[in-house]
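Novice: Sharing the features that Swiss-Prot gives for it:
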- Ser480, Ala555, Val556, Val557, Asn558, Thr559, Lys580, Lys584, Ser598, Tyr599, Asp708, His714: UTP binding site (BINDING)
- Asp491, Asp493: Mg(2+) binding site (BINDING)
- 26-41: compositional bias 'Low complexity' (COMPBIAS)
- 54-76: compositional bias 'Polar residues' (COMPBIAS)
- 190-201: compositional bias 'Polar residues' (COMPBIAS)
- 217-231: compositional bias 'Gly residues' (COMPBIAS)
- 258-271: compositional bias 'Basic and acidic residues' (COMPBIAS)
- 339-360: compositional bias 'Basic and acidic residues' (COMPBIAS)
- 386-410: compositional bias 'Basic and acidic residues' (COMPBIAS)
- 656-714: domain 'PAP-associated' (DOMAIN)
- 1-79: region 'Disordered' (REGION)
- 185-271: region 'Disordered' (REGION)
- 339-367: region 'Disordered' (REGION)
- 381-412: region 'Disordered' (REGION)
Amino acid sequence: MADGGAEPPAPPSSINAGEFLLSILHGSPSPSSQGPQHHQSFALDPAIAAIGPTVNNPFPPSNWQSNGHRPSNHNPPSWPLAFSPPHNLSPNFLGFPQFPPSPFTTNQFDGNQRVSPEDAYRLGFPGTTNPAIQSMVQQQQQQQLPPPQSETRKLVFGSFSGDATQSLNGLHNGNLKYDSNQHEQLMRHPQSTLSNSNMDPNLSHHRNHDLHEQRGGHSGRGNWGHIGNNGRGLKSTPPPPPPGFSSNQRGWDMSLGSKDDDRGMGRNHDQAMGEHSKVWNQSVDFSAEANRLRGLSIQNESKFNLSQQIDHPGPPKGASLHSVSAADAADSFSMLNKEARRGGERREELGQLSKAKREGNANSDEIEDFGEDIVKSLLLEDETGEKDANDGKKDSKTSREKESRVDNRGQRLLGQKARMVKMYMACRNDIHRYDATFIAIYKSLIPAEEELEKQRQLMAHLENLVAKEWPHAKLYLYGSCANSFGFPKSDIDVCLAIEGDDINKSEMLLKLAEILESDNLQNVQALTRARVPIVKLMDPVTGISCDICINNVLAVVNTKLLRDYAQIDVRLRQLAFIVKHWAKSRRVNETYQGTLSSYAYVLMCIHFLQQRRPPILPCLQEMEPTYSVRVDNIRCTYFDNVDRLRNFGSNNRETIAELVWGFFNYWAYAHDYAYNVVSVRTGSILGKREKDWTRRVGNDRHLICIEDPFETSHDLGRVVDKFSIRVLREEFERAARIMHQDPNPCAKLLEPYIPEDNNGQGHN
């Protein structure tokens, strides 16, 4: 025995049970005699046997504890734990019915034995209205005597004897008033079950609360619930969630993610918005809370229709999705934009590829050759150069390099000393004169409501087409049409999110292109050989173009982040609109030509406003997270309750004209291109060495470094090469010079770029 006590004697058959009980109380043992046994028997204190029935327990008794450990104040009984009462006692000893001896060995579960309500709950039987249990009740009422000992019993896990059921029925009006079917529905559909069932939700809540308190106030390791690890690895019913949360249990792996992803995100709790908002203790498992958030969003999934995502972009809270690489997506869109804007033979070939392949009329060699050309064009510059060298084409350059050097831009950069002098120049005194002009330009770039309505019309149409073919696929809106930085006549960017590693994305895209063409959508082009398959189309009814890609989910999350930043301070949208308009006018907004994307320029504006003193924008990813999704191994979390931050930048009184001047002054003279990395994620400047983005021999990629907020290994400036970086910096210097000294800076700043001709004309 664990406590060193001696085993009490078994009751003799020659005395009655009352004398035996008195002998135990007076400490005078009586001689015992045991008859022949046909099965393994265990000693049992008859006083304990008289109090209530027992159950054959297939598990070690220590594992019944909620946390898998024996409490410190728990002393083992002075008798061996018995699994069946002595067969020689009176059938109705002390008025309680007794069991016949079990014919099964102790490692088997006697399905007809009686259990206490607590044992029933631990075994996973939440109620007593199960039809199987009720049938057993009726059988016990009809059979007054227990079955003969020689009768073979069926070993059915979960069945009870009549007395055990009666014991549970004694609590029927208490805190066990729901059956197993209701319990299963509660776990799958918590809100609908509570609203449609006739049970009192407070009863089940009190039941779980009482058991939680009895078990020490915690549920053991991980998500194992009240009974802990019971030796079989089964999960018990978790405690009910608080109002507004779902009980779906899918789980996240908190160990995933890179070191960069964990900065400012390693918190083990989440916050729900609304009437029932509550900050969870760090001991609560983050995966459970995230899945509750996911369930809450799924219940309101109609909110996330494609046309409604213009105002509410992003995956629902708690979603766990798969995404392609941001770098691969950028390469593919760069290629598609290049082909779409160049026009001519290449564009026609691109558009005919998908149609010929779908109809089966294309020559396989021609398709393969064209596919190799596309893939080759998406390779990194050094990889392309290496292939050309191997093929004996040493004089070959990428088309992007050729297009970025159509004139002599980039030859007029200032020296280091001149930049240092200009970096400390004060802003012009009359800068506020141009605020109204910049505001007017900003307002003229906002899409009209009629255009937004046309976009919604096209989105609803696309959603219906996709739902017919892939009912389980999700469509997400991303890009400028949803992040609040879109211009008039901007394309719509749609992500077709579908799970499954066995899905052939290229074939799926070809099928989608076929569906779109059959619905009379025009200019349907499919880029299937790129890293990220894309379909481009134009709606003849609305005149709006649309790009559809597969599983570019990270861009969807980034879209929500940008929109949330835009809600904090209107000066972000004003500055970003001016900068984007400048970049398009000056032709430094084409990634296939080695310049930056619109997304990169918006991140540059956000970072610039984070760095103002006092700051105009906070760093949302460094704040307590209220929004969480997982995209592959990247945990995307940040504070999205931006309504509380509307006055964050009120202490900074800089106007839009001052900010435009300061933005170009920073990127022309103050930014250290050799060592610095712009990081919106941290709201600070990082070093290239910290990111391992140092310049390497044969690779001039990290010349202007802009970190993606979530896929932190992705440098949005990697498209910039050693030629286009000079063009960019020269344009920044031109803009800073105009903002500092030009008498009409608003008009001069946004003058369209005109390439020089053979006579040297142009290049204003």
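Glycine is treated like the rest: Cβ placed from N, Cα and C.
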Novice: For the domain 'PAP-associated' (656-714), what's the mean pLDDT in this predicted model?
Specialist: 91
Novice: What is the number of residues in the domain 'PAP-associated' (656-714) that are helix, strand and coil, as DSSP sees it?
Specialist: 19 helix, 13 strand, 27 coil
Novice: Where does Ser598 (UTP binding site) sit in the DSSP three-state scheme?
Specialist: helix
Novice: With DSSP assignments reduced to helix, strand and coil, which class does Val556 (UTP binding site) get?
Specialist: helix
Novice: Measuring Cα to Cα across Ser480, Ala555, Val556, Val557, Asn558, Thr559, Lys580, Lys584, Ser598, Tyr599, Asp708, His714, which the record gives as the UTP binders, how far apart are the two most distant ones in Å?
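Specialist: Spelled out: the longest distance between any two Cα atoms in Ser480, Ala555, Val556, Val557, Asn558, Thr559, Lys580, Lys584, Ser598, Tyr599, Asp708, His714 is 25 Å.
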Novice: Work out the three-state DSSP category of Asp493 (Mg(2+) binding site).
Specialist: strand
Novice: Where's the emptiest Cβ shell within 10 Å among the binding-site residues Asp491, Asp708?
Specialist: Asp491
Novice: Give me the count of other Cβ atoms within 10 A of the Cβ belonging to Val556 (UTP binding site).
Specialist: 29
Novice: What is the separation, in Å, between the Cα atoms of Ser480 (UTP binding site) and Asp493 (Mg(2+) binding site)?
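Specialist: That separation, Cα to Cα, works out to 8 Å.
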Novice: Which residues of the same chain, at least 6 positions away in sequence, have a Cβ lying under 8 Å from the Cβ of Asp493 (Mg(2+) binding site)?
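Specialist: Non-local contacts for Asp493 (Mg(2+) binding site): Leu477, Tyr478, Gly479, Ser480, Cys481, Ala482, Cys546, Asp547, Cys549, Ala555.
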Novice: Tell me the Cα distance separating Asp491 (Mg(2+) binding site) from Ser598 (UTP binding site), rounded to the nearest angstrom.
Specialist: 13
Novice: Would you mind reading off the Cα separation of Val556 (UTP binding site) from Asp491 (Mg(2+) binding site), to the nearest angstrom?
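Specialist: Given the Cα positions, Val556 (UTP binding site) is 15 Å from Asp491 (Mg(2+) binding site).
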Novice: State the Cα to Cα distance, in Å, between Asp708 (UTP binding site) and Asp491 (Mg(2+) binding site), rounded to an integer.
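Specialist: Between the alpha carbons of Asp708 (UTP binding site) and Asp491 (Mg(2+) binding site) there are 22 Å.
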Novice: Got a sec? Which of these binding-site residues, Asn558, Ser598, has the most Cβ atoms within 10 Å?
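Specialist: The largest 10 Å Cβ neighbour count belongs to Asn558.
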Novice: Could you list the residues of the same chain, at least six apart in sequence, whose Cβ is under 8 A from the Cβ of Lys580 (UTP binding site)?
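Specialist: Correct list: Phe485, Phe487, Asn589, Ser598, Tyr601, Val602.
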Novice: Express the distance between the Cα positions of Asp491 (Mg(2+) binding site) and Asn558 (UTP binding site) as a whole number of Å.
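Specialist: Asp491 (Mg(2+) binding site) to Asn558 (UTP binding site), Cα-Cα distance: 17 Å.
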